[in-house]
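Structure first, commentary second.
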């Protein structure tokens, strides 16, 4: 069938299989063109492996270091006239290319927060790899979590803490810049967001993998966070999501102590740059900030996407054969170019004057839009979007029981 983008709010409800495959192909080509990673990881587990930083780290591990990879994610296959989710198509393309290159790649689709999916993953690691996982990437962005032991349901929210936040935001599709007010979160919302986006599940994963002897001596595990400039602090760093990320950082310190004593391993936090992802599109204020950031970083020739960021994380931080450089809080900083003084001063200056009339010229909102559509496989060169495509794509390692068409 012919697949066109259908955008509702900040989400696109359709995905293009060939476009997603092309996008993944571009990332793979980037990784293959880089000098190979010496001393890179060999057996990598990526939790949240189908889009964004998780997918990019899977590609860098596989095509940059020749690693075997297992990816865990929650995606849906095509059903009837409904396309699959982008992460499903991304993984189908990744696995196909990895297998053709002689690389081990298997995936598990299900709720990563559940005990059942953890057990399935452990069984696969024991059966196929006999343990020995030397890198675990934790990259989950989810709106809700069911606690595996208590069954309690937590929903995460993106809200400030303490007081109503007033600033401006942009409707990326129309380019309309308007004032936005966001009411502060309740205590329950703060706790819930921490339960979903904090370090609780990361710790459960690492403890389970350790218990079943799945981790190698010297294992590293990395989770991602964002700090950003003061401009976004109220809604991000000092808001509910920031509170959850503080919990994630605390978890990293605890896991680091455990892994260090048991396996000479490390647990690390990587502070990444702001990028267009399905997760960041949902945060008020942030898309306008990213549109300005893109323009300035592109002008200075220091713009990076997910794949460039993950390449730098692996090459210059995790596997540089030197001590991993961190900030005073022990975090890896690959947001260093974004946070450069000259970049931030320019954004601050433009922020004051940006409005609906000048947003297209002052910012790179067009680049934001382009990246947003690309997440769903649209707007890629060399794809005829007027042509019908087969929307059912198989992920080689996953057997799907066909649902009744809706």
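Glycine residues also receive a Cβ, built from the backbone N, Cα and C atoms like all the rest.
All chains included, 22 other C-beta atoms sit within 10 angstroms of the C-beta of residue 140 (NAD(+) binding site). According to Swiss-Prot, the NAD(+) binding site annotation covers 48-53, 74-75, 111-112, 140-141, 245, 275-277.
Marked as site 'Plays an important role in discriminating NADH against NADPH' by Swiss-Prot on the basis of sequence analysis: 75. In three-state terms derived from DSSP, residue 75 (site 'Plays an important role in discriminating NADH against NADPH') belongs to neither a helical nor a strand segment and is classed as coil.
For residue 226 (substrate binding site), the count of additional Cβ atoms within 10 Å of its Cβ stands at 22 [all protein chains shown]. If you look up Swiss-Prot, you'll see 226 marked as substrate binding site, on the strength of sequence analysis.
Annotated active site, proton donor per Swiss-Prot: 236, in sequence order. When other Cβ atoms within 10 Å of the Cβ of residue 236 (active site, proton donor) are tallied across all protein chains shown, the result is 24. In three-state terms derived from DSSP, residue 236 (active site, proton donor) belongs to neither a helical nor a strand segment and is classed as coil.
Secondary structure at residue 276 (NAD(+) binding site), taken from DSSP and collapsed to helix, strand or coil, is coil. The recorded positions listed here are 75, 111; among them, 75 has the most other Cβ atoms within 10 Å of its own Cβ.
Using a 10 Å Cβ-Cβ cutoff, residue 48 (NAD(+) binding site) registers 25 neighbours. For the pair residue 52 (NAD(+) binding site) and residue 75 (site 'Plays an important role in discriminating NADH against NADPH'), the Cα-Cα distance reads 14 Å.
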